[in-house]
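*Asks:* Pasting in a structure now, in structure tokens, and then I'll have a few things to ask.
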């Protein structure tokens, strides 16, 4: 329970038609009523709008407003909430806020409204974090994932798993505490092993879908790599339909990263055009090449660009070897020049690399770009997304807790194989139960809660 009343501007600060100032706290209606000229807000019914005026200290009119009243417990925060719709000028909005703060009301911290909603039981931690995800969504799929969290689909996943674990713990504890009762179902190691295996499969399925959702939400970090002058920058520009990167016949034009985002049928490619890798004496170009090599370790996808109009060069072969253990797609650029030099030399280079593995494209006329996008979608299993696929996690914190729970079950499997005493099994089950509970905010440390909500906007 909170005893102070808070206020903040909820709309972006700028010139517009309307700005909204949100006030929350058990005394919010009483306090705002002191500076309001119009019908008595204390007598207003919940979820109603009242027209009137905000008054200055000298009782002159500051602004004409519409005030929405939401009474506890049926409000966003669970407290009495007042939302003041003022005119949308920067100065007038600030003046209305200052007038509100002259009362027994303080400025809210970032995310404090959502934090109060969580602490007052109006939402769980997944829903609170989904609000942030919705605000910061950069593509349509990210919005769908966030809405799934708000509708508690992911919370229900956690609740179902925890119910199964709790039931198993209860069976074990009853058998330990009351072994003499014949009417209690006997729990055997075989039965525990079957239950644990089922839970592991469920967690692995959740993780598989959640990793996919992370790509849908955050995008795929995609490194465009190749020797100089194979058309890496042209490829980036073709993706974006604009001249983002400098294109030149002079080798080594790109010396640092050029980053851009491309919406590929609902999900985001975080494209990074890199310095061409080759032997060079240019100190600045050397730095760019070293940074490119380091970026390989961080990339989720590598687009290795080769020149289809030319035979394989020594640098091409080095890059093929360097990236063979990374997630990559090999692109044969400049297909518009209608040359098969690259294909013929590939056959000589390696029997393991076939022409079918090369996606032939033209950055000039965009030939092959549809096939390239399809290949990327298939590689990350994003080519057949169904509505139910959004009902999984995408937040790194949630995925980490799922992994902790999974490791606890894997430890339990080892204990079962060693036929350890039955009371030992409850330890790993409890660890998994607690790890999943932290996803929805159960038994969370105050420091973590504060950190999570501090990332929210002011007024949210």
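Cβ atoms are placed via backbone N, Cα and C, with glycine included.
Annotation comment: Swiss-Prot describes 22, 83, 122, 460 as (6S)-5-formyl-5,6,7,8-tetrahydrofolate binding site. The K(+) binding site feature in Swiss-Prot is assigned to 229, 248, 250, 253; the stated evidence is sequence analysis. Feature annotation from Swiss-Prot assigns GTP binding site to 229-234, 248-254, 273-276. Per Swiss-Prot, the feature Mg(2+) binding site maps to 233, 254. Per Swiss-Prot, domain 'TrmE-type G' is recorded for 219-381.
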*Asks:* Reported as an integer number of Å, what is the Cα distance between residue 232 (GTP binding site) and residue 22 ((6S)-5-formyl-5,6,7,8-tetrahydrofolate binding site)?
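*Replies:* Just about 49 Å between their Cα atoms.
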*Asks:* Is residue 22 ((6S)-5-formyl-5,6,7,8-tetrahydrofolate binding site) helix, strand or coil when read with DSSP?
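*Replies:* It is in a strand.
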*Asks:* Just to verify a number: CA distance, residue 22 ((6S)-5-formyl-5,6,7,8-tetrahydrofolate binding site) to residue 229 (K(+) binding site), in angstrom, no decimals.
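*Replies:* Between the alpha carbons of residue 22 ((6S)-5-formyl-5,6,7,8-tetrahydrofolate binding site) and residue 229 (K(+) binding site) there are 56 Å.
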*Asks:* Summarise the model confidence on the domain 'TrmE-type G' (219-381) as a single mean pLDDT, whole number.
*Replies:* 78
*Asks:* Please report how many Å separate the Cα atom of residue 229 (K(+) binding site) from that of residue 122 ((6S)-5-formyl-5,6,7,8-tetrahydrofolate binding site), as a whole number.
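*Replies:* Cα to Cα, residue 229 (K(+) binding site) and residue 122 ((6S)-5-formyl-5,6,7,8-tetrahydrofolate binding site) are separated by 57 Å.
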*Asks:* Between residue 83 ((6S)-5-formyl-5,6,7,8-tetrahydrofolate binding site) and residue 233 (Mg(2+) binding site), what is the CA-CA distance rounded to a whole number of Å?
*Replies:* 50
*Asks:* Rank the binding-site residues 229, 233 by how many other Cβ atoms lie within 10 Å of each Cβ and give me the one with the fewest.
*Replies:* 229
*Asks:* If one looks at the chain holding residue 122 ((6S)-5-formyl-5,6,7,8-tetrahydrofolate binding site), which residues at least 6 apart in sequence have a CB under 8 angstroms from its CB?
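*Replies:* Non-local contacts for residue 122 ((6S)-5-formyl-5,6,7,8-tetrahydrofolate binding site): 76, 77, 78.
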*Asks:* DSSP three-state call for residue 83 ((6S)-5-formyl-5,6,7,8-tetrahydrofolate binding site): helix, strand or coil?
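*Replies:* In the DSSP reduction, residue 83 ((6S)-5-formyl-5,6,7,8-tetrahydrofolate binding site) maps to strand.
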*Asks:* Between 22, 232, which of the binding-site residues has the fewest other CB atoms within 10 angstroms in the structure shown?
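*Replies:* Ranked by other Cβ atoms within 10 Å, the binding-site residues 22, 232 bottom out at 22.
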